[in-house]
Amino acid sequence: MLREMKQTDSNSVVSLREQIKEPTMITGYPNEIFLEPVPDNYHCARCQNVMKNPVKFEICGHFACSLCFTQLMKNAVKNSNWFFT
């Protein structure tokens, strides 16, 4: 399902590959790398990219990338002054 990039512009191909491999640069997969449109239910509720390692929010049923979920939980803990022992 992933599209093979043509070697017309080698710099953009390398850049896109680096973004996909590097989790700090991109949380989900960009829509542009797929041959066909990806259904909405495969998109992350936070980053809106195609989910990478999806995690389900049991409370509401939404899904997010595992990295997005982790970032959301860290922010929630930080903003509400929770402490874990």
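The backbone N, Cα and C atoms fix where each Cβ goes, and this holds for glycine too.
Automated prediction, rather than curation, is the source of TrEMBL annotations.
Positions annotated as domain 'Zinc finger C3HC4 RING-type' by TrEMBL: 44-75.
A mean pLDDT of 91 is what the model gives for the domain 'Zinc finger C3HC4 RING-type' (44-75). Each residue of the domain 'Zinc finger C3HC4 RING-type' (44-75) gets a DSSP state, and the totals for helix, strand and coil are 10 helix, 7 strand, 15 coil.
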